[in-house]
Amino acid sequence: MKMMSVRCKLAQYLEDLEDVDLKKFKMHLEDYPPEKGCVPIPRGQMEKADHLDLATLMIDFNGEEKAWGMAVWIFAAINRRDLWEKAKKDQPEWNDACTSNLSMVCQEDSLEEEWIGLLGYLSRISICKKKKDYCKIYRRHVRSRFYSIKDRNARLGESVDLNRRYTQLQLVKEHPSKQEREHELLTIGRTKMWDRPMSSLKLELLFEPEDEHLEPVHTVVFQGAAGIGKTILARKIMLDWALGKLFKDKFDYLFFIHCREVSLRAPKSLADLIISCWPDPNPPVCKILCKPSRILFLMDGFDELQGAFDEHIEEVCTDWQKAVRGDILLSSLIRKKLLPKASLLITTRPVALEKLQHLLDHPRHVEILGFSEAKRKEYFFKYFSNELQAREAFRLIQENEILFTMCFIPLVCWIVCTGLKQQMETGKSLAQTSKTTTAVYVFFLSSLLQSRGGIEEHLFSAYLPGLCSLAADGIWNQKILFEECDLRKHGLQKTDVSAFLRMNVFQKEVDCERFYSFSHMTFQEFFAAMYYLLEEEEEGVTVRKGPEGCSDLLNRDVKVLLENYGKFEKGYLIFVVRFLFGLVNQERTSYLEKKLSCKISQQVRLELLKWIEVKAKAKKLQRQPSQLELFYCLYEMQEEDFVQSAMGHFPKIEINLSTRMDHVVSSFCIKNCHRVKTLSLGFLHNSPKEEEEEKRGSQPLDQVQCVFPDPHVACSSRLVNCCLTSSFCRGLFSSLSTNQSLTELDLSDNTLGDPGMRVLCEALQHPGCNIQRLWLGRCGLTHQCCFNISSVLSSSQKLVELDLSDNALGDFGVRLLCVGLKHLLCNLQKLWLVSCCLTSACCQDLALVLSSNHSLTRLYIGENALGDSGVQVLCEKMKDPQCNLQKLGLVNSGLTSLCCSALTSVLKTNQNLTHLYLRSNALGDMGLKLLCEGLLHPDCKLQMLELDNCSLTSHSCWDLSTILTHNQSLRKLNLSNNDLGDLCVVTLCEVLKQQGCLLQSLQLGEMYLNCETKRTLEALQEEKPELTVVFEISW
């Protein structure tokens, strides 16, 4: 009889796996340790493979011996000991000479067809080798083309190594919302880095499905604000693929397409496009396109296409050899009319998302959020070759909160670094670095002029009016690419533009020599704002007019600009107006007039003030700008006198804050507002406390409104997860002493820190402060601020509720707090010290508080390593008749049955205790038996007992039944996450049916119960409707 082959044997083992185990096997196979020297199997081939196919793939990729070893290892990993033992005994005898290594021939480029046996595989080896040769040639070309980038201010011939300069960007999978489609530059300080948590995404998983049952992703859209790093990320993807670091087994070819270049070229075919990417004029186009599923087209800058994708354009191209207009060619690829099986990666600004969305079928949207705080630091250290300079520059920017926030945008980070380096090289102080967008751009422009010398500066001043009018014309007409005729229309010549190229004001397109653009959209907005400020001298009289030949919209009347603000499609005017406010700052105006030898209008200041006055008094701002946007404009100016005049017109302020920048901006404006009577602030991600639904009152979670007496201003009571820092809190806390209506303050999830807490404590001790409830969870506090908190506790009788959870106070910090808690004037009723790094050492101090503080009724000290000894110390004082504690939380405190005797003594003697939380402590059946003694005592008044996840088994059934039968006070019992078993639960149901059982709520979540027990529970619920039974069956 012929021996069974290894492949058949392996397939036979895999057939023993149920569907769930087979999925686990594939998952472990995908994550098989690379150090074991095995070749990974492409996910696309593996996910649809059945038992036989999977066995074939494993052997074809790694040979029989390694495949068998992999299977044995994975059987153990998925807890199939039966198969593991059987496979070890049944292991074939290997012949090293016959070990299959054929799969290594095409290791760089995986075969996409199913493997159909060794004979078919051998017949394709020669084809695979040829394909590999073409791939190698093209990869080398891509490496050469993309290994370096040219810095924006680089001299001729200078470039920067992309791998050395590139800093990782934050990528998240999100569906674009209306807010995300607003003008991209408004995302400065508004990204969701400090908002709700998001699912980050790795580049290698871009085209992988979120669920293994779903089809692979074929279209990915990178969206992000201008300057956020879309293009450099696209180039990095090209380089990593060429280096074999990315998509190695997924794509044979990646083609980089500049959307704006393609749309401006003469009609070309897809074949022409590939030829333009190839290192020589004769690429194997037919062979490349014969497998479109192995091709990725990377389209950079969809939003920069000229006139493409209008709704009325229906012309498409389905022939890869047919020459068509560039926009039609790209449209056909995107709409999957041409090469429908090819994959696409498209980068775009948010403003073009709506237009793009209608063309795509099930795309994956990935948002580029820019740099995290850690990556900003990394970027500084990569930009500055000198580590001391990098450290000094980063420290300076980090101290400047608003500018540090703006640096999450890579372009702004580059501008800041460039400006700082320029100052360092000239030996000037870095203290002049400003904190507004306008100041950054003015400083950068100044740096450019200084680096070019006096003659260039004089030329720039002469051509500045034309440059500004060109920018404004482009803004009004939504135009970013200009031809030479556009330059001439605004008094500019081609020779003038070459000077701007050197100064980095303009960027000449590499392959589109007849077209010019500002190097970045924000530069265009900046110069457009200057257009409304510049005055011209004409026969001794100062006039303000637009260049000859420009449209009527280009008159210099700023009223026209402001009237259209908010109405203009896509919000292109938003940043122009912000820059306008920043440029009319008097010091900045004087600086620009001197530096650029120009005359700047003072009339614009009055027009801006009138505009703010009208908007401030409007009953409801149905259109842009919102009040917060007006505040951003005022903040950009940085003139307190002007801001005070403007804010004097606000009778009511209603704004929603979500970022650090929002807080800084609003704080700057609100502190200069002396007439506002009502302030309503909305915040993101407010969440109620787990245990006390009533403690929040009736205020809505998303907005709290406070009315303040003139002339002082305060803030809303709810500031959860708003990235507050001490700079914002000073303005907030100063109002606590005068606002009589503010009684609740929630500062949870803010980087308050000990310095901010000290500022808050000063305000809380003021006689005029009426704060009663204060929540400070996760505020970065340590023992260093506990003395200040203790002083508040000993001086303020108004404070009745304090939450300090998730702060590393430690035992020493609690000892300091206890000094205040024991003070006669302390009136605190509720205290949370959950997860505060406490041990049994602090329990003696807390015990003294329990016996001396008669107001404290609720103490939550769970998630701390108190241990049995610590709780025993607490219990000694809780037996004191003077102890008024009603609720005690000891969740996950490292307790065992050893502390249950002490707890039983408390239950027998303390009739005040009504709630006891013992969740996630290994009390066991013995612990419950000891507690049962106290619960059956006639003096026990406990109403709520939480024993979730306390290691109880069916042996506790008798004690639980006894408690339910005889305890007359217990109303709520949580037994979830315990292994009670079906029989015990059915027994409890019978007890609960009795008339003498007064329990109102029973929780049995996460129990392994059968269907019969489930029906018994449902029947109990119907028979006794006053009893609530919560059960979540785990199978």
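Each position is counted from 1, following the chain as shown.
Placement of Cβ uses the backbone N, Cα and C atoms for every residue, glycine included.
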Looking at the candidate ranges 508-512, 598-602, 603-607, 618-622, report the one that Swiss-Prot labels motif 'KFERQ-like motif 2'. 603-607
Swiss-Prot annotation (motif 'KFERQ-like motif 3') - matching range among 197-201, 797-801, 862-866: 797-801
660-664, 770-774, 990-994 - the range that Swiss-Prot marks as motif 'KFERQ-like motif 4': 990-994
Candidates Ser5, Cys8, Tyr134, Ser293, Lys322, Lys877 (recorded positions) passing the 10 Å Cα cutoff around Tyr860 (phosphotyrosine) are none
Remote residues contacting the motif 'KFERQ-like motif 3' (797-801) - C-beta distance under 8 A, at least 6 residues beyond either end: 695, 764, 769-775, 825-830, 855
Work out how many Å separate Cys8 (disulfide bond) and Tyr138 (phosphotyrosine) at their Cα atoms, rounded off. 40
Measure the Cβ-based neighbour count of Ser5 (phosphoserine), defined as the other Cβ atoms within 10 Å of its Cβ. 13
Distance, Lys877 (ubiquitin cross-link) to Ser5 (phosphoserine) (CA atoms, angstrom): 75
DSSP residue counts for the motif 'KFERQ-like motif 3' (797-801), split into helix, strand and coil: 0 helix, 1 strand, 4 coil
Taking 770-791, 827-848, 884-905, 912-932 as candidates, which has the most Cβ pairs under 8 Å with the repeat 'LRR 8' (941-962)? 912-932
Taking residues 6+ outside the repeat 'LRR 6' (884-905), which of them lie with a CB under 8 Å of any CB in it? 691, 834, 850, 854-868, 870-872, 875-876, 878, 912-924, 926-928, 930-931, 933-934, 946
Between Ser805 (phosphoserine) and Lys877 (ubiquitin cross-link), how many Å separate their Cα atoms? 23
Which of the listed modified residues (Ser293, Ser332, Ser805) has the least company, meaning the fewest other Cβ atoms within 10 Å of its Cβ? Ser293
